[in-house]
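Visitor: Could you have a look at this structure, given as structure tokens, before my questions?
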Amino acid sequence: MPQQPPIYRVEGLTRVYGEGASAVHALRGVDLELPPGEITVLLGPSGSGKSTLLNILGGLDRPSAGRAWFRGEELTAMSDRALTRYRRDNLGFVFQFYNLMPSLTAEENVELVTEIARNPMDPAEALALVGLDTRKDHFPSQLSGGEQQRVAIARAVAKRPDVLLCDEPTGALDSATGREVLGVLQHLNRSLGSTVMIVTHAAATAEMADRVIRFTDGAIRSVEHNDAPRAAAEIEW
Amino acid sequence: MSTLDRKLSRDLWRMKGQAAAIAVVMALGVMMQVMMAGLVVTLDETRRGYYERYRFAEVFAPVTRAPSHVLHQVAGLPGVARAEGRISGAARIELSDRAVPVAAQALSLPDHAEPALNAIRLQQGRLFDPGAPEEVVLLDTFAAAHGLRPGDALQVVMNGARRSLRITGLARSPEFLYAAAPGEMVPDDARYAVLWMSQTSLSASFDMKGAYSEFLVTLTRGTDPRGVIEALDHLLKPWGGSGAYDREDQFSHRFVSEEINGLRDTAAAIPPVFLGIAAFLLNIVIARMVQAEREEIGLLKAFGYRGSEIGGHYLKLVLAIAVAGALLGALLGILSGRAMVQLYLHFYKFPFLVFRLDPGALALGLVVSVLAAAAGGAVVLRQIFALHPAEAMRPPAPADYRRAGRWAGALKALDQPTRMVLRRFTRTPFRMLGAVVGITFGMGLSVGMLTIHAGFNQAVALSFDVLDRSEATVSFTHAVSQKTLLELARHPGVLRVEGARSVPVVLRNGRRTHRGAITGLPPDPELLRALTPDYIPIALDGPGLVLSTALARKLKAQAGDVLTVEVREGAQPALRLPVTGVSETVLGAPAYMALEALDRALFEPGRISSAALRLDPAQAEAVQVWLRDQPVVAGVSLKSEARDAFERVMNQGTGATRFIMAAVAFTITFGIIYNAARIALAERAHDLASLRVIGFSKGEAAYVLLGELGLVTLLALPCGAFLGWGIAHMLAAAYSSDLYTITVVFRPAAFGFAALVVISGAVLSGLLVKRDVDRADLVAALKTRD
């Protein structure tokens, strides 16, 4: 298999919050390259820097030093407006707390994204992908946590994003629902070819990954390649 | 300072913008309340004190000439407490700096004693010496307008004879709180004077030795003036009594009363609206704030704080804002009250006017605000106290939009952000409605005031360009022959002359009466005209009356009714005259009649009492100088001067109020929109950050937040326009009396300007909040659940 150009490249990425004695070094000079189309799981304890990296790659935060590229374009040099464009065209986000609009139904939450995307799916199709086509007219307050997270995933994938960034997507869910959600992500990776990055505490999630990156104290401790990722449904919690 | 109090001060600091916006709206309410209630008290009390101190009469009884012994009979009438007689006559003052003489009223004061009634207040100089007949005390505002001082000489024509007088003092009197030239409605210090002279001196001028031409009376407590008036009319009939009238019909008293009553009505109507809006704002904000503090409240409860302690903490926060607003309002109210007092001193000649605070009004404003705010907080606190601490500390479930309905989804043309905007509306309709109502009031007040101002301008134009197209009016010392008109018409520079006859009358329609005058007009007049409300000239013929709208309103009379007319001049006949029409009026409450028919009814054919002139501008001044020297001319009034005086009053009074109301509309709109935006932002910071994360630009995200506020404003604009139209009609009715008639005219510019003010208030608050939306920390917003 020929070596594909990386979808993300990171050099000497550093992020410091605050200054002086109270400064917190969230990232300490991280270097990394990620090929497209893989599922990458970022593991590590709280404060190890994994979410900070995800936020910088997602264009939600800026590093204190270092540079990051998306397909050769330098993210760290982009204006706010260009970062908005980048998120809009290329990324899907899934968060621990779903972040749905309470005033929109499940389908409308998906349409929120398809209305502004370049090559979106039909919202109903996206909801069908996550198995929620029968509950599309419900408001978030009428859905369970797992259902809300699946709507959030449908919303994230409906624009056919190049990258799905997931920050603790199962953090607020019980294990059975969590497995289902991970299964959806895996399915999307296989069927759409999207690059998926998952930040999590749950070490077991690593079993479904193509690549596992472990963080400690703002630095990468190890990068492992997993030649035989398991199906999400088989993961033991 | 306890920890909770420290939290309180920090909370206040954190929400300072919002707190200030609420405090300012509340301050406006309290300011209006304090200012208006204070002005009512100030004017009312000062007037009462002034009347008491200078013994202002309650009933006035003019006669042609009554021997002085009649005074004892007057004093002996049942119900009369005190009586005084005096000589009253018309005079004109000739000044070197004016071609046109100034109309003046000359009044006598007893030679050697303090007057029993209607004493004067010397502002400067001394009283006349009864032994020196040329000495005179002059109305001080007139003296100030012409730079006259005690010691100066004054040329005065009285009863056809020119006298050279010397000013010894300057004075004011409760009788002339409001002083306007005869036939005019607005005061012009330069063009109206009052002269006080000794009985001896004035009786020589008016041929009144041992006689009086007016009796003044005060009543014993609880006496109905109507009985005394009847008795006086009966007693004074042989002496040419032209009808006694009580204080309510006295020109100056009427005007001041109208002002105080108008102010009292406005004070009862407008401040409560402001207080209501402020209370509403405070209520929502406090409710929202307590809701946002849910977790902290749970924590405090978990630590063992009692509900009353936590409730007290939030009550203090409410009190801090309410008290700050009320104090600011009281301060602004006192300051604006003082400023208004200065304005009033221009129109009303009080010896002094010190703004007085009405403590009741202040307390009411404060209590209403605090109670409303406390109620808002209490409702939410009760909900939270009902929860277990652990439950309260957990974030609330996603806002439930089931009630908001899916109907917006049926509108396929709408994009999702617009649906979000609309659903906010349907989810909390009362809150949105409250905001719409608040801004509607702001807009309405502004539109109302601007429209009324346009109405005043219309009144000026109507009065001085349409109804009366003359340039000068000459009044004669007595009813003269119509031949005088020919003489006037022959004079170079006089382009047109029309005579008129004005006769004092009492008009009665059933139990309703009006003391005024009937004006006889020539056929097809060009200068002074009676017009229908559509500005079509009304033909006057036969013995019928055309009433002005103001008079028709006052007498509740319409065409076809027959009025009793008691003439108060000459033979004083009592007539029965039919009403044949109603004419448009602006100033006063005139009644018109064909000149010939009027003269015939009075058995005085061919008589006129005044003439309206149109002058050649190049020779106008020469005509005025010539007129001054004509013995039959009592006075000349120039329309340009009357018009200037009128416009001056309008610009100072309503003109200023117009801008105050615009500022008020701006502040209300700003306060409401800013608070609504802040609340929306607090409630939805999380949603907005989510939108930004999934690729919405700053502008698109702000649309979701500010769209609803734009919608609120857009809804309020037409509502405010309609309300304003209604307010204008209400104000017009409140301002209109038989002194003025204000009509409401539709001026698109009034609505446009008010809308612009409201929109700029909304835009400014939107911009301030958008700044915070733009600065939102996306990562932080996503890490927490609301």
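Even glycines carry a Cβ here, placed using N, Cα and C.
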Visitor: For the feature transmembrane segment as recorded in TrEMBL, pick the matching range from B:317-341, B:592-616.
Guide: B:317-341
Visitor: State the residue range annotated as transmembrane segment by TrEMBL; the candidates are B:176-197, B:748-769.
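Guide: It is B:748-769 that TrEMBL annotates as transmembrane segment.
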Visitor: Helix, strand, coil residue numbers for the domain 'ABC3 transporter permease C-terminal' (B:660-768) per DSSP?
Guide: 93 helix, 1 strand, 15 coil
Visitor: With DSSP as the reference, give the number of residues of the domain 'ABC3 transporter permease C-terminal' (B:273-388) in helix, strand and coil.
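Guide: Residue counts in helix, strand and coil order: 98 helix, 0 strand, 18 coil.
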